[in-house]
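Straight from TrEMBL, the features:
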- Gly56, Ala57, Ser58, Asp62, Ile88, Gly166, Asp171: ATP binding site (BINDING)
- 53-231: domain 'tRNA(Ile)-lysidine/2-thiocytidine synthase N-terminal' (DOMAIN)
- 283-309: domain 'Cytoplasmic tRNA 2-thiolation protein 1 C-terminal' (DOMAIN)
- 343-372: region 'Disordered' (REGION)
Amino acid sequence: MPRLCALCSTQRPILKRPKTGQQICKDCFFYVFETEVHNTILEAKLFQPGDRVAIGASGGKDSTVLAHVMKTLNDRYDYGLELFLLSIDEGITGYRDDSLETVKQNQKEYNLPLKILSYNEFYGWTMDSIVEEVGRRNNCTFCGVFRRQALDRGAAMLGVDHIVTGHNADDVAETVLMNIMRGDIARLGRCTAICTQGEDTIKRSKPFKYTYEKEIVMYAYFKRLTYFSTECIYSPDAYRGHARSFLKMLEAARPSAIIDIIYSGEACEVGEEATKELKERKTCKRCGYIASNDLCKACTLLEGLERGMGNAGITDRGRKQLEASGPTPDGLRTIPFFQMNASTPTDATSSVTTSGQGSGARISPVVDVSAG
Ligand code: SF4
Ligand code: ZN
Ligand code: ZN
């Protein structure tokens with residue numbers, strides 16, 4: 001007698017679940033995949049009926065599957081959410097321009113409003129021009145800082161309460177490993193938080209926190225979802241690459257390693273001594289965004305670029321060199337001011353690229369560093 005699906009015992013299994021090793025059929029796979037995300041959402045009480053939620057959409061597998069699953073669960077369980085797609089155009093020729101075409105296709109397939117915000121209009125620089133200026137060593141630092149702020153501002157322009165991102169279990173486990181390797185105890189517990197929100201901040205969460213990357217790929221494959229699978233031409237963060245290879249080795253030896261690492265991170269109770277090192281949060285004097293110094297990280301990086309001292313904004317030492325090199329010359333491009341609680345929901349029913357002007361809210365500190 002042929003082997004049957006370990007869950008329904010009626011259909012023939014067509015896949016082995018990476019997370020559990022169970023041989024299951026396609027319908028059961030879709031059901032357990034979606035139900036686990038639904039349970040994660042319920043347990044963390046991520047949403048309230050009526051919430052306006054932006055899905056950070058890059059056209060890649062994680063955000064494409066997230067958009068599909070969020071729409072499916074919102075309809076199936078009547079969450080009562082108003083969903084939007086929010087994309088950032090970093091200005092990477094041959095990569096982001098193509099992946100944004102995929103997002104536009106997703107917009108039509110899922111019938112969700114889409115907003116696209118570009119680095120060029122917002123910061124006056126594209127990643128192509130930043131790489132030309134600073135080389136390829138620190139490009140992901142610029143990109144990560146600029147993306148985080150652009151996403152928050154885009155969300156504020158849409159008048160949304162909440163941004164969901166496609167960070168998956170592998171990403172979270174990698175971040176835990178990286179914080180261990182760096183000895184960054186203060187961030188160790190926080191980086192596993194499913195949801196981050198401080199006072200007056202836009203909520204950010206990761207509904208795929210416990211979802212394995214391999215299962216996301218399988219889900220996209222069996223659902224025949226359209227996604228863009230090419231890696232960024234400016235190469236991923238090398239440090240994360242080491243953590244990723246290590247995690248893949250652990251997963252090959254024991255699939256539960258990914259979830260175990262996340263649980264370990266969650267279990268890390270960090271005392272006051274460790275968190276004291278995390279700097280107090282301020283408001284950037286130049287652009288109004290959340291900062292740990294007088295200027296936020298994006299303004300500091302931008303000033304370095306504008307003054308032809310490309311990498312100066314990255315380290316504390318470089319920042320001091322920037323300060324020591326005299327007052328900021330007139331005429332440098334700066335980021336438009338980010339006002340608190342001034343947002344009026346825009347008509348986001350079509351694909352628009354905005355200038356970055358206008359409303360906003362402050363954000364939570366960086367707790368994950370996934371490359372785009
Ligand atoms: Fe930006 Fe990601 Fe490319 Fe780095 S790898 S430059 S973070 S899109
Ligand atoms: Zn089955
Ligand atoms: Zn700033």
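Glycine is treated like the rest: Cβ placed from N, Cα and C.
On the structure: features taken from TrEMBL.
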residue	record	contacts (Cβ under 8 Å, 6+ apart)
Gly56	ATP binding site	Ser63, Leu86, Ser87, Ile88, Leu151, Ile163, Val164, Thr165, Gly166
Ala57	ATP binding site	Ser63, Thr64, Ala67, Leu85, Leu86, Ser87, Val103, Asn106, Leu114
Asp62	ATP binding site	Gly166, His167, Asn168, Phe208, Glu213, Ile216
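In the three-state DSSP reading, Asp62 (ATP binding site) counts as helix. Gly166 (ATP binding site) falls outside any helix or strand according to DSSP and counts as coil.
Every protein chain shown contributes to the tally, and the Cβ of Ile88 (ATP binding site) ends up with 26 other Cβ atoms within 10 Å.
In the three-state DSSP reading, Asp171 (ATP binding site) counts as helix. The Cβ neighbour count for Asp171 (ATP binding site), using a 10 Å radius and every protein chain shown, is 25.
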